[in-house]
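The next block holds one structure in the form of structure tokens; read it before the comments.
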Amino acid sequence: MTETSAATDGTILLAAPRGYCAGVDRAVDVVEKALDLYGPPVYVRKEIVHNKYVVESLSRRGAIFVNETDEVPEGARVVFSAHGVSPQVREAADARNLLSIDATCPLVTKVHREAVRFAKEDYDIILVGHEGHEEVEGTYGEAPSHIQVVGSPDEVDNVVVRDPERVVWISQTTLSVDETKMTVDRLRERFPALIDPPSDDICYATQNRQVAVKHIAPQVDVMVVVGSANSSNSVRLVEVALEAGTPSAYRVDMASELDPAWFEGARTVGLTSGASVPEILVKDVIEWLGERGFPTVEEVRTETETITFALPRNLRSELSAQGMEDARPHARRKSGPNHTS
Ligand code: SF4
């Protein structure tokens, strides 16, 4: 048997805040309430939130995830995901007489409104974000003739504007705060009159999770981020940990993806989760690490979050008409979607 240098009294530094944000909590609740109210199937355009476990759990309850509205039967109900949709998607849904329930996070809607307003005022709008991400597609679709997407500081050189005095930037909600600042600094070098958005577009949850990771990163040998590969804010947490001094950082969907080799020689492991990750997945990782030499868990809290969002108005009205309870705003759930397994 090969001898390893695995710890026996290692410590987990557990970042807080982590996991579900208010927008994800609401979006998952929308699908659950729609299933309770109308019964399955409930169609959902795209993944309601970018988390494999959440999507699989809701699928088992009767949600059907589709890529586009033309896959939804004419006249059926469809939920739009937390990442938001463009006006073109709404029009396509209307053309098929779909009954839509909009689970777009209110903080994404805020960015859409900024795009619409600046386009009306005829600004050139630089949308800092990742091309191809659903949120970026939705925001871009609000004003395609005015918006250019810029993904990194290096892409700033390719930006062409009509009038350098009338340029504004907005952003995707789940970016790295530091990298976005670098991109905006480069933009401002090129366009000194660049206008900032009225308030931060990178949302409170993204920022808080990055601050928490930065805080523990220098103290740990390995950082584990629970989150799916298509979750922008989870992927950013890995980058933030590495930039803040963690020697190695890994993203996993769940405990079964962890590799014991990652922890050889480690004494302290950092642990966090993206904004779409139910706490049950973090608990599984704690248990896995506990069985492999990390029995002590210390939570390190850098912020306390209390924000919640109300359900979409049309869903609230229908719940109330059916005498069904809308318990929001409520304390944030500690685990994922209701599930029996
Ligand atoms: S990460 Fe931020 S913008 Fe995205 S759903 Fe959560 S609160 Fe809303």
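Placement of Cβ uses the backbone N, Cα and C atoms for every residue, glycine included.
Just so it is clear, the model here is predicted, and its values are computed rather than measured.
Positions annotated as [4Fe-4S] cluster binding site by TrEMBL: Cys21, Cys105, Cys203. As annotated by TrEMBL, (2E)-4-hydroxy-3-methylbut-2-enyl diphosphate binding site applies to His50, His83, His133, Thr173, Ser231, Ser232, Asn233, Ser276. What TrEMBL records for His50, His83, His133, Ser231, Ser232, Asn233, Ser276 is isopentenyl diphosphate binding site. Annotation comment: TrEMBL describes His50, His83, His133, Ser231, Ser232, Asn233, Ser276 as dimethylallyl diphosphate binding site. Among the features that TrEMBL reports, active site, proton donor is placed at Glu135. The region 'Disordered' annotation in TrEMBL covers 320-341. For 330-341, the entry in TrEMBL reads compositional bias 'Basic residues'.
Distribution of TrEMBL features across the structure.
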residue	record	DSSP (3 states)
Cys21	[4Fe-4S] cluster binding site	coil
His50	(2E)-4-hydroxy-3-methylbut-2-enyl diphosphate binding site	coil
His83	(2E)-4-hydroxy-3-methylbut-2-enyl diphosphate binding site	coil
Cys105	[4Fe-4S] cluster binding site	coil
His133	(2E)-4-hydroxy-3-methylbut-2-enyl diphosphate binding site	coil
Cys203	[4Fe-4S] cluster binding site	coil
Ser231	(2E)-4-hydroxy-3-methylbut-2-enyl diphosphate binding site	coil
Ser276	(2E)-4-hydroxy-3-methylbut-2-enyl diphosphate binding site	coil
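Among the recorded positions Cys105, Glu135, Thr173, Cys203, residues whose Cβ is positioned under 6 Å from ligand 1 are identified as Cys105, Thr173, Cys203. Considering only the recorded positions Cys21, Cys105, Glu135, Cys203, the residues lying within 10 A of Ser276 ((2E)-4-hydroxy-3-methylbut-2-enyl diphosphate binding site) on a C-alpha to C-alpha basis are Cys21.
Excluding His50, His83, His133, Thr173, Ser231, Ser232, Asn233, Ser276, which define the (2E)-4-hydroxy-3-methylbut-2-enyl diphosphate site, the same chain contributes Val49, Glu135, Thr174, Asn230, Ser234, Gly274, Ala275 within 8 Å (Cβ to the Cβ centroid), listed in sequence order.
Between the listed binding-site residues, namely His50, His83, His133, the fewest other CB atoms within 10 angstroms of a CB are found at His133. The CA atom of His83 ((2E)-4-hydroxy-3-methylbut-2-enyl diphosphate binding site) is located 5 Å away from the CA atom of Glu135 (active site, proton donor). Closest to Thr173 ((2E)-4-hydroxy-3-methylbut-2-enyl diphosphate binding site) in space, going by CA atoms and restricting to the recorded positions Cys21, Cys105, Glu135, Cys203, is Cys203. The most crowded of the binding-site residues listed here (Cys21, Thr173, Ser231) is Cys21, judged by how many other CB atoms sit within 10 Å of its own CB.
The least crowded of the binding-site residues Ser232, Asn233, Ser276, judged by other CB atoms within 10 A of its own CB, is Ser232. Asn233 ((2E)-4-hydroxy-3-methylbut-2-enyl diphosphate binding site) is 10 Å away from Cys203 ([4Fe-4S] cluster binding site) when you measure Cα to Cα. In the three-state DSSP assignment, the secondary structure recorded for Thr173 ((2E)-4-hydroxy-3-methylbut-2-enyl diphosphate binding site) is coil. Other than the site residues Cys21, Cys105, Cys203, same-chain residues with C-beta atoms no more than 8 angstroms from the centre of those residues' C-beta atoms, the [4Fe-4S] cluster site, are Ala22, Gly23, Val24, Ala82, Leu107, Val108, Thr173, Thr174, Tyr204, Ala205, Thr206, Ala275. Within 10 Å of Cys21 ([4Fe-4S] cluster binding site), as judged by C-alpha distances, no binding-site residues are found among His133, Ser231, Asn233. Taking all protein chains in view, 26 other C-beta atoms sit within 10 angstroms of the C-beta of Glu135 (active site, proton donor). In this structure, the C-alpha atom of Ser231 ((2E)-4-hydroxy-3-methylbut-2-enyl diphosphate binding site) lies 11 angstrom from that of Glu135 (active site, proton donor). Using a 10 Å Cβ-Cβ cutoff, Cys203 ([4Fe-4S] cluster binding site) registers 25 neighbours.
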